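Here is what TrEMBL records for this protein:
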| type | residues | note |
| --- | --- | --- |
| ACT_SITE | K32 | active site, charge relay system |
| ACT_SITE | T77 | active site, charge relay system |
| BINDING | T77, N300 | O2 binding site |
| BINDING | T77, D78, F208, R225, V273, Q274, N300 | 5-hydroxyisourate binding site |
| BINDING | T77, D78, F208, R225, V273, Q274, N300 | urate binding site |
| ACT_SITE | H302 | active site, charge relay system |
Amino acid sequence: MFVKPLQKASSLSLSQNPTHSQYEITDHGYGKDAVKVLHVSRKGPVHTIHEFEVGTHLKLYSKKDYYQGNNSDVVATDSQKNTVYLLAKKHGIESPEMFALLLAKHFLNKYSHVEEAHVHVEAYPWQRVCQEETKTMWNGKGACNGDPKLGNCNFSSIDDRQLHNHAFIFTPTAQHYSDVVMRRNDPKQTVISGIKGLRVLKTTQSSFVNFVNDEFRSLPDQYDRIFSTVVDCSWEYSDTESVNFSRAWQTVNNIILKNFAGDPNIGVSSPSVQHTLYLSEKEVLDVLPQVSVISMTMPNKHYFNFDTKHFQKIVPGDNNEVFIPVDKPHGTIYAQLARKDLRSRL
């Protein structure tokens with residue numbers, strides 16, 4: 001899915017509307033979507049992989065392909081697909097943002113009749129397999145083939161681990177994506193990074209009280225509830241020269257988790273989803289000066305308490321252990337936070 005820039009830019013396309021027509025094409029473009037590419041960097045025994053799903057969309061100055069059926073300016077979507085593979089081979093792959101910038105610059109430099117290039121890149125979440133080096137015992141025997149000297153063959157452990165040179169595991173905790181929009185006559189390039197599908201849950205320290213109490217209300221004050229959401233977040237850079245995109249993405253991800261979960265032993269109180277969302281966005285702007293604006297959505301993933309009061313003979317007492325997951329309907333909370341000096345220039 002192509003993400004629209006968080007800061008809107010006016011179209012630079014020249015009108016080529018036929019004089020006899022009472023209609024005008026006000027937006028247009030075309031491209032290739034869902035181009036899958038895996039790049040393997042083989043530097044000695046240690047290999048690195050990047051698997052991307054890429055979309056490339058072009059906007060031409062001319063609209064004659066629409067109005068007249070004249071394809072002389074059309075860079076075929078199949079050619080755009082080939083470009084993805086050829087540039088990956090020629091330049092390698094570092095991050096979604098860097099690869100999207102590479103593709104967008106290529107299309108503008110190669111084809112003078114292209115007005116705008118929009119590239120969307122989604123990274124598949126591969127991580128290196130890791131092996132725990134501690135000598136954990138199972139039933140009095142070493143974890144690997146009964147030999148205590150070999151230690152624990154737990155290849156998903158996060159403690160005292162050794163990363164594998166060339167084996168990887170798919171870890172779909174959250175997806176890293178990027179959108180780059182470049183326009184020939186606009187010196188400002190739009191670079192957006194994003195997190196998609198970060199699903200989190202905590203079992204306490206979330207409340208929702210003192211909201212509007214009128215004849216439409218049925219929800220009681222909730223002083224302690226399960227808080228679960230699926231975070232979608234995107235942010236736009238004002239400076240792309242001094243930023244490490246991969247490190248910045250991980251920083252944002254960590255900030256969201258920290259404001260949601262808090263200290264591992266103590267946690268953190270959340271009086272509303274809105275407040276947790278705002279604190280995360282504010283900290284991102286505090287920590288990353290290259291980010292100009294950030295947008296975040298947190299839909300509620302409800303877990304309702306199963307009412308056991310009619311079953312006291314079977315399970316006497318209150319229930320705070322068994323919950324019913326409910327996907328629909330759900331509340332949706334979102335906000336966009338921007339620097340004030342940026343807003344004054346828009």
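For all residues, glycine too, the Cβ spot is worked out from N, Cα and C.
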Residues near D78 (5-hydroxyisourate binding site) in space but at least six apart in sequence (CB under 8 A): K32
Shortest C-alpha distance to N300 (O2 binding site) - which of the binding-site residues F208, R225, V273, Q274: V273
Nearest-integer angstrom distance between the alpha carbons (Cα) of F208 (5-hydroxyisourate binding site) and T77 (active site, charge relay system): 50
Listed recorded positions (V273, H302), ranked by Cβ neighbours within 10 Å, top entry: V273
Inter-residue Cα distance where the pair is H302 (active site, charge relay system) and V273 (5-hydroxyisourate binding site), in Å: 12
Distance from T77 (active site, charge relay system) back to H302 (active site, charge relay system), taken between C-alpha atoms, in Å: 42
Neighbouring C-beta atoms (10 Å sphere around the C-beta of K32 (active site, charge relay system)): 20
Recorded urate binding residues, T77, D78, F208, R225, V273, Q274, N300 - maximal Cα separation rounded to whole Å: 52
Under 8 Å by Cβ from R225 (5-hydroxyisourate binding site), counting only residues of that chain that are 6 or more apart: S206, S207, F208
